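What TrEMBL annotates here:
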{"type": "BINDING", "residues": "182, 183, 207, 208, 264, 286, 295", "note": "ATP binding site"}
{"type": "COMPBIAS", "residues": "386-416", "note": "compositional bias 'Basic and acidic residues'"}
{"type": "DOMAIN", "residues": "60-164", "note": "domain 'THUMP'"}
{"type": "REGION", "residues": "383-416", "note": "region 'Disordered'"}
Ligand code: ATP
Ligand code: MG
């Protein structure tokens, strides 16, 4: 009996040689987690570089989830039929009959993953094509058809599909280890996080607020952003760190035009310590070279010098318009667009130094006692898990309830 299913084509995992087994395992685990909680059991079957999903769940619901799992390059809603050429032809006719092709043309592309199938790919395509032509009166056009029917002969079944949706591509999350993302409320850092996830980094997040000198709006946005991003990665921690007092100390210690870069140096030190505690091996930021004064080459280098770990900048070569488009595509733009009180604007000097060197920060940071400050900031951090069910962070964190409720409003506003 013909039934609908979803085909997931494995992306780069396929190229992994000796490590392929480990990558495939991660991919399957992430897939299972992504499908958790759908109202019905989904059967997952994998043979070589294709995974097939079947079950009583509407295909749309499955697609929504799997299109966000990094590691799958192409996703095809499909019909599965028995390995009988006539059944394949019937299904092809059914597929095109249900689909408005207009006066358009079609092509059948067949391939065999089961080389024992008695018919060659070309013969099967010809047979199916002839039937469609005869029954629906559509013309064949092999060079630029308006619809393409893909016929894939597998071990137990034959799959037919007319739609090829792009998957996330990239590598399964976790394949490259862990990272800590410095997440602001802006457009850039969530896009950078998504890029990092797509290259296999499992991400946790740290967000700095200007508390006690600013309100909680940026924390609400950070929470809402992380929740959006946990659709690409199963689960993530968000650390919210109140930076205001330390920012004030830097200003009092005479940071002047160095204020913003000094804050960044402090941020990477805090993030680096968090990374050490969670086993992360890199930091990720949304910096793009030259976008603003704090992102000149020398300022980036001055920040790097303070970081105990490599600072990855996936958006280094991106233009702002490219970043905004990507933010729309991955679903974070609506949240980033909302107003907030960004800690970086607090105490920002009228002109930010564009050409700094690490040496300029020695006296300033000694006055502040950076080591101690990092420890104090981490003691005051609040940890949340925005991808989880309500209540789970509430137990371990005072104030978590408020942040979650605020994020809820943010999201409602972002969606409206
Ligand atoms: P974004 O759009 O991500 O805010 P931006 O273009 O506004 O970036 P900056 O404000 O200079 O650029 O920030 C550069 C990077 O520093 C951010 O992408 C982010 O990784 C990090 N960062 C800045 N502010 C914060 C913050 N409050 N908390 C955590 N990370 C931050
Ligand atoms: Mg910003």
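Quick reminder: no glycine exception, Cβ is built from N, Cα and C everywhere.
Sequence features, as recorded in TrEMBL, placed on the structure.
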{"residue": "182", "record": "ATP binding site", "DSSP class": "strand"}
{"residue": "207", "record": "ATP binding site", "DSSP class": "strand"}
{"residue": "264", "record": "ATP binding site", "DSSP class": "helix"}
{"residue": "286", "record": "ATP binding site", "DSSP class": "coil"}
{"residue": "295", "record": "ATP binding site", "DSSP class": "helix"}
Local Cβ density at residue 182 (ATP binding site) - other Cβ atoms counted within 10 Å:
22
If you count other Cβ atoms within 10 Å of each one's Cβ, which of the binding-site residues 183, 207, 264, 295 has the most?
183
Within the chain of residue 286 (ATP binding site), which residues six or more apart in sequence place their C-beta under 8 angstroms from its C-beta?
182, 184, 186, 187, 188, 189, 190, 191, 192, 313, 315, 323
If you run through the domain 'THUMP' (60-164) with DSSP, how many residues end up as helix, strand and coil?
36 helix, 29 strand, 40 coil
Those residues of the chain, 6+ apart, with a Cβ under 8 Å from that of residue 208 (ATP binding site):
182, 184, 241, 242, 243, 267, 270, 343
